[in-house]
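**Q** Pulled these from TrEMBL:
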TRANSMEM  A:26-51  transmembrane segment
DOMAIN    A:69-274  domain 'ABC transmembrane type-1'
TRANSMEM  A:71-92  transmembrane segment
TRANSMEM  A:104-122  transmembrane segment
TRANSMEM  A:158-181  transmembrane segment
TRANSMEM  A:202-224  transmembrane segment
TRANSMEM  A:255-275  transmembrane segment
TRANSMEM  A:302-326  transmembrane segment
TRANSMEM  A:346-367  transmembrane segment
DOMAIN    A:347-553  domain 'ABC transmembrane type-1'
TRANSMEM  A:388-409  transmembrane segment
TRANSMEM  A:421-442  transmembrane segment
TRANSMEM  A:481-499  transmembrane segment
TRANSMEM  A:535-558  transmembrane segment
Amino acid sequence: MSAHASLLKPDLRIRRRPRPGVGKRWLVMATLIALVTVMPVVSLIVIAVSSGASESWAHLLSTVLPEATRVTILLMLGVALVTGIVGVVTAWLTASFDFPGRRLFSWALVLPLAVPTYIAAYCVTEFLHFTGPVQTAIRQGFGYASGRDYWFPDVRSLPGAVIILSSVLYPYVFLTVRLVFLMQGRKAADVARTLGSGPGMAFVRVLLPMARPAIAVGVALALMETINDIGAVEFLGVRTLTFSVYSTWLNRGDLAGATQLALAMLVVIVGLVLLERAARRDQRYTLSRDDRASVGRHPLKAGYGLLAGLACALPIAFGFGIPAYILGDYAFRRLDQFTDAALWSALGNTGLVAGAAGLLTVLAAFMTSYGVRLTRSPTLLALVRLGTLGYAIPGTVLAIGILIPLAAFDNALDAVLRNNFGISTGLLLSGSGAAIVYACFVRFMAMGYGAMESGFAKLSPHLDHASRTLGHGPGRTLRTVLLPLMSPALLTGFMLVFVDSVKELSATILLRPFDFETLATFVYASASRSAFEDAAVAALLIVATGILPVLVLTRTILKQAR
Amino acid sequence: MSFKTTASAFTLSIAAVSAAMTPGIASAADVNIYTSRQPELIQPVLDAFTEETGLSTATIFIDKGLEQRVSAEGANSPADVIMTVDIGRLDAAKQEGVTQAVTGETINETIPAEFQDADNQWFGLTARGRVVYASKDRVDVDALTYKELASPEWKGRICTRSGQHQYNIALIAAYIEHYGEDAAREWVTGLRDNLARRPEGGDRDQAKAIFAGECDIAIGNTYYVGQMMTNEKEPEQKEWAEAIKVIMPTFDNGKTHANISGIALAKNAPNKENAIKLMNFLSSEEAQKIYADANYEYPLEPGIETSDLVQGFGEFNKDDISLSAIASHRDAASRIVDEVAYDSGPQS
């Protein structure tokens, strides 16, 4: 592709490790972690194959499956397109140009990440509904009496779902792509511009191809969250395949059939990911060194600056502004809830779970991805990638896959100890908060590993080679050379897992111990009896808890990359 | 960072997490309750139980997958009782094999037979009607049958939530029990073609849609009306409730479909004796009243007065076909909803 990229070839990989056996410990550790991550998916496969092809298939094929498949594909295409465009354009604008509000936008664009999809769906619907502020203003302004007097787009529709989901999922693309633009993009763009390209041309010819792996990672995360979502699509009346997974399980009592459907969806996702990877197999972009001597951002003229500002403000308004407005409005009438001790203990639990999950997941992802980088074992790579797929499985179904092996382990351990030592450990893991942390670990490994993988990918293998030539082992190479360069990726990974764990609901609600509430379960208790407004305070706290790390860490990342 | 440092950091953080989380294991209460009922709805009656018996309670609010959790926990499960709503969930617990029979207790006597499992595996505690919300302004009739909801006069005027929602599945299953599967398919098809819009949202959203003029009648549970009428924080909802009247639709036997909230004794209940005490207490007059009033529901023990607000819905003549029979038709009901593509909205 560009001159910049081809300079980095040929790729001088080390085929033999200088000290045989050194990488072995990493391989063992990485394999162990990968096995732990992949266990729930495996236990779902066991459930799925235990009963042979489910009768549900014939029923589904002859009824809702074609339509649900069509809806799901359109929803995914829509979300991929919108998150891709919004994420890349906003990342490009904030990374390459100077315009009024750029500094504000460069972190505010991440804010919608703190809003769970089901809360966004509720708030946007509420905002645009007949009784909401927008239509009320229209009626008052034009003197209409009833909803039948004028046309207004129906939010509860497929296009509505695409926009609502995208408005809170685009930050995945924004974050991953911006990192690329900041770390290497400007230099490459500068080179292109010296060679006579305008900013637009540099974007299309250099930046976009360079960002492609990052775009793929971000869009894949957005799509996996789209496919595991049930709260938002159910509320919006959009019947995806996920909806059929639940009706097969809960209304027709066919868990095996539901699992088979969920896994079939997973296979499709894997196919898409593999296709995308295959399509860019021969492209490698790495950074030889951090570039701090960039010529800086291209200032925009007033009119264009305004347009750029608008392009950045719109997604924030939709994904964050509307939910914050609606929740704030409800919460304002429920200020007394802030004195509820249960709410604050839920906040504490949320922070504890999310912090622990973030830490564990990032450490584990770091170790596995370094293990992969070091050993280049295709088996390990495949295992690790399989483990990241949990994110694409509908949450409660995955939670069943977590619950069964955990409880089986607990019961086996209890039996062994009871028989030999007379000690009963009961439900050691499945009955404690550790199960929730494990669930978040499994669900969000995709985030952690994605961040590590793209982080490592940006570091040229030459770095390892040089360090190793100087006689450093893999550990020392990691510490002195790679780790400092990896800190933005580590922070990004932690932040993504933390924020998603704060929002996590479906596994938490199934796996929690007695009298254990998180903010998300707090919200659910009200929302599940259609009293969402009573959940506004807790929902607002979810958003606030998610924002805090987003702010701290985006600033750190920006500083690192600047 | 060497391998050892990384590995020990990892191990340490696992240890720290486990230590921080272990207090959760302490499943120690005199009765442990796994429930899919919202905590605030059951807490008042549990407090009354503790006051009367001195026995403490601990709850886990779980929704989807409750039965699978109890099942996976097996012999070590701390669950004493399972409290849930919807006949389907109670039946699912029985099918999953996580319940056990209770016989010869007060609860067997006080709860009418049609609201108990035929094998004594579960017991209803409160009832709710699946009724019609009708626009006060645009609907003149004050009586309807379920059958009539499919008649052409309501074309383009009905709103409901998803046909796959458990409350609608139970209603369709009851329809099957009354009139057979073919008649039910025809009925659901007719209902579908009378829809004003694609099914969406919850029951309250349907009342809101009537208020907004999107439709004239809707199908919903009785207690939502009570919740909206008394919503002091969102007075707007009082306006929605004000816009509608409750019509108790009937089957040919002149009765209205009733669903239940109920309770089952867990198969491996570690505190079985206390659990049965709780079950008996919940069927007592005092508890029935507290529990039903907490959510504008109907007590199942005959002869207990409902609140004034609930009486305002009109007389609730609970259908007396067996709930076990309704549960057995849920699979067929769910298939019909898919077959006629109910959730895709009107087709003609």
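Just so you know, glycine gets a Cβ as well, placed from its N, Cα and C.
Automatic prediction, not curation, is the source of TrEMBL annotations.
I'm curious about the neighbourhood of these features; can you describe it?
**A** With a threshold of 8 Å between CB atoms, the same-chain residues lying at least 6 positions outside the transmembrane segment (A:104-122) that come near it are 90, 93-95, 161, 164-165, 167-172, 174-175, 178, 225, 229, 231-233, 235-236, 309, 312-313, 315-316, 318-320, 322-323, 326-327, 496, 499, 502-503, 505, 520, 523, 527, 532, 539, 542-547, 550-551, 554-555, 558.
Proximity of distant same-chain residues to the transmembrane segment (A:302-326), defined by a Cβ-Cβ separation under 8 Å and at least 6 residues beyond the stretch ends, is recorded for 86, 89-90, 93-94, 97, 99-102, 105, 108-109, 111-112, 114-115, 119-120, 122-124, 126-127, 163, 167-168, 170-171, 536, 540, 543.
Long-range contacts of the transmembrane segment (A:421-442) within its own chain (CB-CB distance under 8 A, at least 6 residues past either end) are made by residues 37, 39-40, 349, 352-354, 356-357, 360-361, 364, 387, 390, 398-399, 402-403, 406-407, 409-411, 413-414, 497, 500-501, 504, 507-508, 511-513, 516, 518.
Long-range contacts of the transmembrane segment (A:481-499) within its own chain (CB-CB distance under 8 A, at least 6 residues past either end) are made by residues 113-114, 172, 175-176, 179, 183, 221, 290, 354-355, 357-359, 361-362, 365-366, 370, 440, 444, 447-452, 454-456, 459, 463-464, 466-467, 472, 546, 549-550, 553-554, 556-557, 560-561.
Remote same-chain partners of the transmembrane segment (A:535-558), defined as residues 6 or more beyond its termini with a Cβ less than 8 Å from a stretch Cβ, comprise 106-107, 110-111, 113-116, 119, 179, 182, 323-324, 326-331, 334, 337-338, 343, 346-347, 350-351, 354, 488, 491-492, 494-495, 498-499, 502-503, 519-520, 522-527.
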**Q** I need to check the long-range neighbours of the transmembrane segment (A:346-367): which residues 6 or more away from its ends have a CB within less than 8 Å of a CB in the stretch?
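**A** Distant contacts of the transmembrane segment (A:346-367): 26, 29-30, 33, 37, 433, 436-437, 440-441, 444-445, 447-449, 451-452, 486, 490, 493-495, 497-499, 501-502, 504, 508, 516-522, 538, 541-542, 545.
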**Q** Same chain, outside the transmembrane segment (A:388-409) by at least 6, Cβ under 8 Å from its Cβ: which residues?
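**A** Same-chain residues near the transmembrane segment (A:388-409) but 6 or more away: 37, 39-41, 43-44, 47, 221, 223-225, 227-228, 230, 242, 245-246, 249, 255, 258-259, 262-263, 265-266, 269-270, 427, 429-430, 435, 438-439, 442-447, 449-450, 504-507, 510-511.
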